[in-house]
Amino acid sequence: MSPQTETKASVGFKAGVKDYKLTYYTPDYQTKDTDILAAFRVTPQPGVPPEEAGAAVAAESSTGTWTTVWTDGLTSLDRYKGRCYGLEPVPGEENQYIAYVAYPLDLFEEGSVTNMFTSIVGNVFGFKALRALRLEDLRVPPAYSKTFQGPPHGIQVERDKLNKYGRPLLGCTIKPKLGLSAKNYGRAVYECLRGGLDFTKDDENVNSQPFMRWRDRFLFCAEAIYKAQAETGEIKGHYLNATAGTCEEMIKRAVCARELGVPIVMHDYLTGGFTANTSLAHYCRDNGLLLHIHRAMHAVIDRQKNHGMHFRVLAKALRLSGGDHIHAGTVVGKLEGERDITLGFVDLLRDDFIEKDRSRGIYFTQDWVSLPGVLPVASGGIHVWHMPALTEIFGDDSVLQFGGGTLGHPWGNAPGAVANRVALEACVQARNEGRDLAREGNDIIREASKWSPELAAACEVWKEIKFEFAAVDTLDK
């Protein structure tokens, strides 16, 4: 190469490493309505300035790499780069900051949660300059959310399909979760639905194991559903878990469920993956199936307060990817969940427009426009004494799911279902009459138990059961 050519090639390009903050920290940037906005909890390594850490997050999750490259000159970094536009210290924490990052919409493929997460929560989480990193919240602009189908049907369509209004829906996870034969499993499903529940559910672990192959389970559960419907006059459902080792097998199971005429199938969306989940959601919308979503594996991602991703982000991702129900904790049961935080992401699942509210952990105003809502499912360590609190906390647009709280009844499965249905109807009636469920809840249950022996027996069994542990994931004070 001649000296003259070498000089021309090097114009505007200087090899080497430069601080991220020189390019990616832009505190004067005015965010656009079309930007995807992220709030990261950043814990820099000792000696790394917070501005450099925030800029590094913006760079490594968008266009940046560890050194200057000459191909930067072949594109417009100003158009495509992520920008750290704000930093604030976390109250009560040493060396933790909330870094606000804006991403141009053109960085992401339309209708793909997989692509969005590959960038925003990809390699940057292993970056050595950061001791820990957590994605606290994400603002998805309407320009991007409108490229998604979202939930297959949504809350109102589900109520119309089921012809059930004015109260939470009642469910039950069949236990023991593993080991039952398909015939005995179907028997438990029938007894619970016959006793008054709206739904029963496969546990997330139930796929197609040697003790109960999926097709056998589907057939016995369908028989149980039709028998219970005929005897009660109510529409019933069982969440048939279609999760499988391949997308093709998953769709095959969903096709079988549709051919059996059942109303709903189920998917483990984190272990199954967002691509598989979106594919199943599209199939469900096209074929009239409701889709129940289980969040197995979420705590691996969201439970640590300084690293990972908050569940409110996973909830938003699910609303984009597609699901009509999703598990959302209980506040009062055995699983993690502080009240204000839980109600924050419950609103993000159900409502069309959610205002920024840091007291509930919501960092950005979120406008879903017309994307259908998702029913939150309260499940895990709950029983009849929790019914007033659950009805008051979650309201009508929810599913209250009692596994052990139904099947653990001393008289059997059907009386357990009766006890839960009576408790729910008593709480809804009391609320509609203007009574305070939070203050009078126990009295309401005791009054109802006087004319329901099934409820009285349940009250006696679970009167001392509590799960009183402090939540790990709490709001910053």
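Heads up, the Cβ atoms here are built off N, Cα and C, so glycines get one too.
Features of the protein shown, as given by Swiss-Prot:
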type	residues	note
ACT_SITE	LYS175	active site, proton acceptor
ACT_SITE	HIS294	active site, proton acceptor
BINDING	ASN123, THR173, LYS177, ARG295, HIS327, SER379	substrate binding site
BINDING	LYS201, ASP203, GLU204	Mg(2+) binding site
MOD_RES	PRO3	N-acetylproline
MOD_RES	LYS14	N6,N6,N6-trimethyllysine
MOD_RES	LYS201	N6-carboxylysine
SITE	LYS334	site 'Transition state stabilizer'
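Everything Swiss-Prot records as a feature, shown here on the structure.
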| residue | record | DSSP (3 states) |
| --- | --- | --- |
| THR173 | substrate binding site | strand |
| LYS201 | Mg(2+) binding site | strand |
| HIS294 | active site, proton acceptor | strand |
| HIS327 | substrate binding site | strand |
| SER379 | substrate binding site | strand |
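Note: the Mg(2+) site is recorded as LYS201, ASP203, GLU204; in the same chain, THR173, ILE174, LYS177, ASP202, ASN205, VAL206, TYR239, ASN241, MET266, HIS294 also have Cβ atoms within 8 Å of that site's Cβ centroid. Least packed by the Cβ count within 10 Å, out of the binding-site residues ASP203, GLU204, is ASP203. SER379 (substrate binding site) sits 10 Å from HIS294 (active site, proton acceptor), taking the CA atoms of both as reference points.
For LYS201 (Mg(2+) binding site), the nearest neighbour among the listed binding-site residues (THR173, LYS177, ARG295), judged by C-alpha distance, is THR173. On a Cα basis, HIS294 (active site, proton acceptor) lies 26 Å away from ASN123 (substrate binding site).
Around the Cβ of HIS327 (substrate binding site), the same chain contributes ILE293, HIS294, ARG295, PRO376, VAL377, SER379, GLY380, each under 8 angstroms and 6 or more positions distant in sequence. Distance from the CA of ASP203 (Mg(2+) binding site) to the CA of LYS175 (active site, proton acceptor) is 8 Å. In this structure the C-alpha atoms belonging to GLU204 (Mg(2+) binding site) and THR173 (substrate binding site) are separated by 9 Å. The two recorded residues, THR173 (substrate binding site) and ASP203 (Mg(2+) binding site), show a Cα separation of 6 Å.
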